[in-house]
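Here TrEMBL flags G160, Q161, T162, G163, T164, G165, K166, T167 as ATP binding site. As annotated by TrEMBL, coiled coil applies to 441-483, 541-610. Positions annotated as compositional bias 'Polar residues' by TrEMBL: 10-24. TrEMBL lists 30-54 with the feature compositional bias 'Low complexity'. What TrEMBL lists as compositional bias 'Basic and acidic residues' is 514-533. What TrEMBL records for 75-418 is domain 'Kinesin motor'. Look at TrEMBL and you will find 1-54, 514-534 tagged as region 'Disordered'.
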Amino acid sequence: MAAAGYGNYRNGSHSSRNSLNSTNKVDRPLSFNSNAKNSSLKSKSLNSSGLRKSAPASLGAATEAAKDDAGVPGRVRVAVRLRPRNAEEMVADADFADCVELQPELKRLKLRKNNWDSDTYEFDEVLTEFASQKRVYEVVSKPVVESVLDGYNGTVMAYGQTGTGKTYTLGRLGEEDTAARGIMVRAMEDILADVSQETDSVSVSYLQLYMETIQDLLDPTNDNISIVEDPKTGDVSLPGASLIEIRDQRSFVELLRSGEVHRFAANTKLNTKSSRSHAILMVHVKRSVKGRDSALSSNNGDNSHKVKSLKPPVVRKAKLVVVDLAGSERIDKSGSEGHTLEEAKSINLSLSALGKCINALAENSPHVPVRDSKLTRLLQDSFGGSARTSLVITIGPSPRHRGETASTIMFGQRAMKVQNMLKLKEEFDYKSLARVLDIQLDKLIAEHERQQKAFEEEIERIAREAQNQISEVERNYEDALEKERVKYQKACMDSIKKLEEKWMLNKQKHVSDDNKVGLKDDSSDVTSKEEGSRVAAMEEVAELKKLLQKEAHLRKAAKEEVDNLKSQLAQSKKLEATGNSEVLKLLKMLEDEACQKEKLEGEIAILQSQLLQVSFEADETRRRLDKGGSEKILGGRDSQMSQLQHPQLNDTANGEKASIAKLFEQVGLHKILSLLEAEDADVRIHAVKVVANLAAEETNQEKIVEAGGLTSLLTLLRSSEDETVHRVAAGAIANLAMNETNQELIMAQGGIRLLSMTAANAEDPQTLRMVAGAIANLCGNDKLQMKLRGEGGIKALLGMVKYRHPDVLAQVARGIANFAKCESRASTQGSKNQKSLLIEDGALPWIVQNANNETSQIRRHIELALCHLAQHEVNAKDMISGGALLELVRISRDCSREDIKTLANRTLTSSSTFQAELRRLRIDY
Ligand code: ADP
Ligand code: MG
């Protein structure tokens, strides 16, 4: 390759002669070095909490801006590394100067053209032959690894001629000499030091890409892995590759070593050298984001108040890709290795495709030929994607390889122009939130139960104690009272007895004194005797007084005793009252607890419905993928609305049904229905989807209607302006409209008017399909014919045909067939003898037009409708003038369904009007 060839690639390069002028023009955004210094300083400051104290300058912005989808710009960084002369070069090139001269402090490299002239190039970093492995890691790879730990994808890639040190730079294990460890090993060391063993996970795949075939270096039997692309995000993945979880450095090194062994074996088998293949290490880092999410702490303790907000936890899933590319030398040189031309092309295909993509990206070309090779597909995110990418180009010093060295340098120069948009790979982890909430709820329930039990026991204990105290006090009081009474009684009796004795004694004395006075009338004697008895009486009085006093004492003592007992009683009453207030407090706590539980359950309901929705959507996506994008709803069964059921229920019957049933049971229908009126529009949408899914199950329908779900759904049609809500609600109503009672209820609540209004405002054909399906079900009810038509049901159906969507048309046709069937039944029973309301409402032209519709489902319904209409003679004239007769003849001859064919035949032969017309038309019948 001639030096002149580089004239095309002046980007960022210039001749030494005018270097000073043009140096300033060189676009050198944020120096690599500054990041590297930052990171080497802060490498020790990475803390185990996973929160970085400082982020690299450019990424600090990225973290903030991550919310906006566009990401932040991040140019591909390129470092050049020069290998020292090897033994052979020492000898062979002894008389020659190196072909390059490095100026690391200026980040420049001079490529010698001849003895007096050279070209100068600038790089993000220039690493001399003395650069240590540690420094190379810190400059090239550390910022990328830190980005990955922060949730951004990252790529580290080595490009260069065979033998210039790509594998040395990336893949050395450094088992004998720690200083020799390469980028892969050092990157994993940093990752493992930063992630948390409990909440994060690190897993790796290790692959080889050779001749457009991907082989698993961790499982040599797996030698043809395909690339899968997510049609929505465009992300590529290799679901077939082994993914090994890494917990410690030792097992990672072990894994790299066995990968190398497999690579060697595979290459021996293919008769190639590893320099011809690309080795790709993918490290998947999944981290749960702490701090702002911490919705729940799942550890034990006072769990009732732990639940603060119910935001689902956030996980970051970033990927580090390390690519050791095949040697960049031109294949024709190695033709001597015995490859055929085809092989040679294929070996180089990925590498040359990579070069083309980088050219296209560097030149901002509108087309980047990413799909041309497997390598470029795998590296989509690394160049021009959302990853932080760092490239190290390796060169040797020998002037003999000047051509290859120059082409490597040009590759690096172009790669420096590639601009990526870094995006945070963050998502909500609904599943783990639901799991945590489930555990939390169970714990709360158990705790609640325990508390309630303890509380009841406590109440019982307090009541028992109070009762005991009261009865003891009462008993004491009664005893004391009784004692007092007995004592007092006894004292009274004693004194009465004494008084009586005294009185008797006195009386006797009086009698004997009287006798004496009668015998001897001695007055002086009398006087002295009177004196004596007065003294005695006075003594007696004094004694009585004393007695009385004693008794007063006794009485006072008794009263004191009673007071004492009374105050004791009051005290025990007070004790009882405190017991009561304790009980009240406990009751209040219990109430709060119940309240809290109810709130939690509500929020869990919301989340569960969201979760359900998310898994439905995931399922849908998966199914769409499986079916290759064609999403046709199952048909074939023309009876009722089974085709309107949510597809999940048809497909993954048991699993989904079980989860809906579980939701139903856990959350309760009333709660789900109440969410239909939630303030948050998202919740409303989720809720209506859940109700629709429930309504698809026949066993739930009655319960939903009983709980007022039908009325809520109809109200949603009226009050909501959201088309999704309309679509899903109409679908649910259609499913509920499968039984007669519900059909009457729908009609009674103005259903036709609401459904017509929904159809008139709809933009999505699926909404129309649901509405048409609901009306079609109502059309099948004999009792509602007049009312349905009176409220514009037929007109509404016919109004929807203008959208021409086959799904909608099929439902319209089914409705018309149902209606015609009811009419023909009524006329056979003699309860109807007027012309068909369908004909009155102008349905005939459409029916005739679609009688031979190419969609078989539509055709069948219309054919049936025509047969039903034709059964009644009053319709015959209109049918003839509307062209229906000829369709009937066609049906009676060509219809593939035998029963319809026979019905048409019978109708034609039994109607005299038709017979006359057929004769007139000379149609043989
Ligand atoms: P590549 O993978 O690009 O083909 P290798 O990494 O296998 O090259 O290196 C080729 C040889 O050069 C190996 O023997 C390796 O040890 C040696 N080598 C490469 N780079 C350096 C370096 N920077 N310092 C010392 N030896 C090196
Ligand atoms: Mg190599």
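Each Cβ is built from the backbone N, Cα and C atoms, and glycine gets one as well.
Listed in chain order, the residues near the ATP site other than G160, Q161, T162, G163, T164, G165, K166, T167 are R83, A158, Y168, S275, G327, T394, G396, each with its Cβ within 8 Å of the site Cβ centroid. Mean pLDDT of the predicted structure over the coiled coil (541-610): 82. Close to ligand 2, meaning a Cβ under 6 Å from one of its atoms, are these of the binding-site residues G163, K166, T167: K166, T167. Shown are the binding-site residues G160, G163, G165; the one with the most C-beta atoms within 10 angstroms of its own C-beta is G160. Closeness to ligand 1 is met by T162, G165, K166, T167, these being the binding-site residues among Q161, T162, G165, K166, T167 whose Cβ falls under 6 Å from the molecule.
Taking the binding-site residues T162, T164 in turn and counting surrounding C-beta atoms within 10 angstroms, the largest count is reached at T164. Highest Cβ count within 10 Å among the binding-site residues Q161, T167: Q161. Cβ-based neighbour count (10 Å, all protein chains) for K166 (ATP binding site) stands at 28. Taken residue by residue with DSSP, K166 (ATP binding site) is part of a helix.
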